[in-house]
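See structure below.
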């Protein structure tokens, strides 16, 4: 197309520009008000002293005007092959993304949005993955319009093959046909919440934040009242377990709360044309994520120690073109029973192999390395304490207590070796590793775009390598940890034919 | 699967002047760190360093600057074929990287101050993966330019968006 015809079509299409939903006018001022709340309160309270001061009206007007400004200045449109987002009245910025680069579409609705029947639409494209702002955000559209836009974006994307095949698979306009529900959250799964790593981290952070305040309160209560005296009168055998139980209860409650907030009503479904997966979840703020099937490069099963001990796990999708930042938006199954995770995974991949195929273990050298790395550092502690007891007159009990460490280390090493392995199926490379953060990843072999073969000094001496399959999806690199060199190279050669063979020795 | 399969080393060596760049960089790092130690111990008096501490530090830093580059030179290698780029880097820890030509996205050529004085250049080949850049340090400038041209030509010929 020449430049002039470009300009002409530009003019002709100016009518296509769409606004955000008018109701967003109510969302933004409320949001801005909340953000400006300290200022607004300050203005009103301080304003009292000097009557008739116009400042406190400004404090309310500014956020409202900002909302109006954003409504007036934001437009978007979909042309034949791309989506454009225009922002700003005086200084203009136009964000453009080709439709075939759209990987995910996410509809988020905070309680205010839901009240007004609105949703924020975030469009994930891979184009700017390296410079941060790779998401187009429309805040906000009416829920129905948002869903229509999502259907448009995801179904128009691979336009070329579709045109060839005839548009039989196109979704007709009007009410959306029923989706196939693959999985729905069973509320009893909250029992897994306290055992997830993220649940623990959130709970600990919350506790840490409040512990200073709590500490003060407890101190004062203990010193000032008779409660302190009574608690101190109790034997340690009672107070310590009571403290531990309270701690666990608080942590569990926080974790369960977090789980419900994020995952209430979690539904995974496949759209009628089979071209995308939808995930719907959230108690207060609801979130609907859609993942283009063509961009799905594999799955990750996460089995952190706590979940694994009670037979649970969670599942995430490996989606190409989304950076590591967007990992949170690709959850397919929240912490749930392992059987559910496997069933959903098999359904999503369309085959059973990658998630259940027995794995090739990495052999005696890898096992030795697991034990060395776990037992040596943890064994040094009681050793040093023992020496201090002998030479420096320290008490003996710290050394005896520290003997727990190498015992735990031995168990950890055994578990880490048991978790180590890989397999190659017809379409997938499967790798598993870890104990505390146990995981099994299945990566499409066609999604592998390079190999890194790493050897530390000690790995070299043990004849082991860490083979890393690089990819444009998920966490960008998947490790085959501590495999014997020959096994790793043969695996790399077999997984991506015609790449490694030209560099083989002999 | 045969267990005796191994990779051979990439065919090409880097420029024999590359160790000079690494040695200069190691010396500069050593001097900066020494300056930091001087500030911390003499000026700020955070700790006192005995005289033999300085001697040990000097021996380690100079030994590193003298031995590491030669050792590293034996490891660093590269190769580019019709269908792939293959590099080897490191010294104690080593890393080999292989990227298929069809997945190469960008090819960069850079020169630092010292490398420019010595007529050297570094080539970085990136793929769509954030974990995949291949870096070749210390090539002769004209070798580097020829390599960049060649890679650019080959990747342009490949269809698809390399993901």
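Placed from the backbone N, Cα and C atoms, the Cβ positions cover glycine too.
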Candidate ranges A:16-32, A:33-49; TrEMBL annotation transmembrane segment resolves to A:33-49
Among A:123-145, A:146-168, A:169-191, A:192-214, TrEMBL marks as transmembrane the stretch A:192-214
DSSP puts the residues of the domain 'YdbS-like PH' (A:73-148) at 19 helix, 40 strand, 17 coil
When pLDDT is averaged across the domain 'YdbS-like PH' (A:73-148), the result is 78
